[in-house]
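Quick look at what TrEMBL annotates:
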type	residues	note
DOMAIN	7-83	domain 'SnoaL-like'
Amino acid sequence: MNTDFAKEWLDAWNSHDLDKIMEHYSENIDFVSPIIQQIGINVEGKISNKNDLKEYFSKALQKYPDLHFELYHELKGANSTVLFYRSVNNSFSAEYMELNNEGKISKVRAHYKFDE
């Protein structure tokens, strides 16, 4: 796994450059997040292709124009990583990501600590 992966991923998000963000994701994606439901993409909270993922990210960037991620920890696996970071609205986030043979993200499970 690329040791600069987390930094490159965060830098892409913090730049708000959608094309730069999308470079990190594979064409076939298995992406699950409660934010998908909140933004109104679908009720399942799941995306399975890159075009829908790009639409979701575009809406998220519009909804959160001050979006800035701050990495706290990266936990590395054989072909996966977990990023623990500060996210939108100053909330905590953890994302489990699996990478394919090309080093692109192919599976994501996003978790958030929402204020109750």
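Using the three backbone atoms N, Cα and C, a Cβ is placed for every residue, glycine included.
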Averaged over the domain 'SnoaL-like' (7-83), the pLDDT of the predicted model comes to 95
Tally the residues of the domain 'SnoaL-like' (7-83) by DSSP class, grouping H, G and I as helix, E and B as strand, and everything else as coil. 34 helix, 21 strand, 22 coil
